[in-house]
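K.L.:
Following this message is one structure expressed as structure tokens.
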Amino acid sequence: MSGGRRKEEPPQPQLANGALKVSVWSKVLRSDAAWDDKDEFLDVIYWFRQIIALVLGVIWGVLPLRGFLGIAGFCLINAGVLYLYFSNYLQIDEEEYGGTWELTKEGFMTSFALFMVIWIIFYTAIHYD
């Protein structure tokens, strides 16, 4: 017997119904991906919205945007980008997920809260006298 360690093999891809299970991240970037699990797709919409809120909060905080213009801009960009993503890029049937309104409002309030916190923190840190 040798004193060396046994080399562990990498884990095999998970099988789902006899087919290879595709990762969620590879589905997000492919326009022809099939979304079999409704909750998985709604999670993607939720986290995509959080990323948009984080990025826009930093941009709005660095730029001296204030008031209604900043909030309205966030709402339009956030809803618009996601609508374009799921209707034009993925070309999914919105009715399978409860309609366009359900997908548009999925995770909106939490992303709005995140946006406000990040916007206030960055604006205060950079522009506060």
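In case you wondered, yes, glycine gets a Cβ from its N, Cα and C as well.
Annotation comment: Swiss-Prot describes 1-44, 85-103 as topological domain 'Cytoplasmic'. Residues or ranges marked as transmembrane segment in Swiss-Prot: 45-65, 67-84, 104-127.
Describe each of these features in terms of where it is and what it packs against.
P.N.:
Among residues of the same chain six or more beyond the transmembrane segment (45-65), those with a C-beta under 8 A of the stretch's C-beta atoms are 28, 73-74, 77-78, 81-82, 85-86, 103, 106-108, 110-112, 114-123, 125-127.
If one looks beyond the transmembrane segment (67-84) by at least 6 residues along the same chain, the residues whose Cβ comes under 8 Å of a Cβ in the stretch are 45, 48-49, 52-53, 56, 60, 100, 103-104, 108, 111-112, 115, 119.
Counting residues 6+ beyond its ends, the topological domain 'Cytoplasmic' (85-103) has Cβ neighbours under 8 Å at 31, 33, 35, 38, 41-42, 45, 48 in the same chain.
Below 8 angstroms of C-beta separation, residues 42, 45-47, 49-50, 52-54, 56-58, 60-62, 64-66, 70, 74-75, 78-79, 82-83 of the same chain, each at least six residues beyond the ends of the transmembrane segment (104-127), sit close to that stretch.
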K.L.:
Under the DSSP assignment, what numbers of helix, strand and coil residues are found in the topological domain 'Cytoplasmic' (85-103)?
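P.N.:
Result for the topological domain 'Cytoplasmic' (85-103), in helix, strand, coil order: 13 helix, 0 strand, 6 coil.
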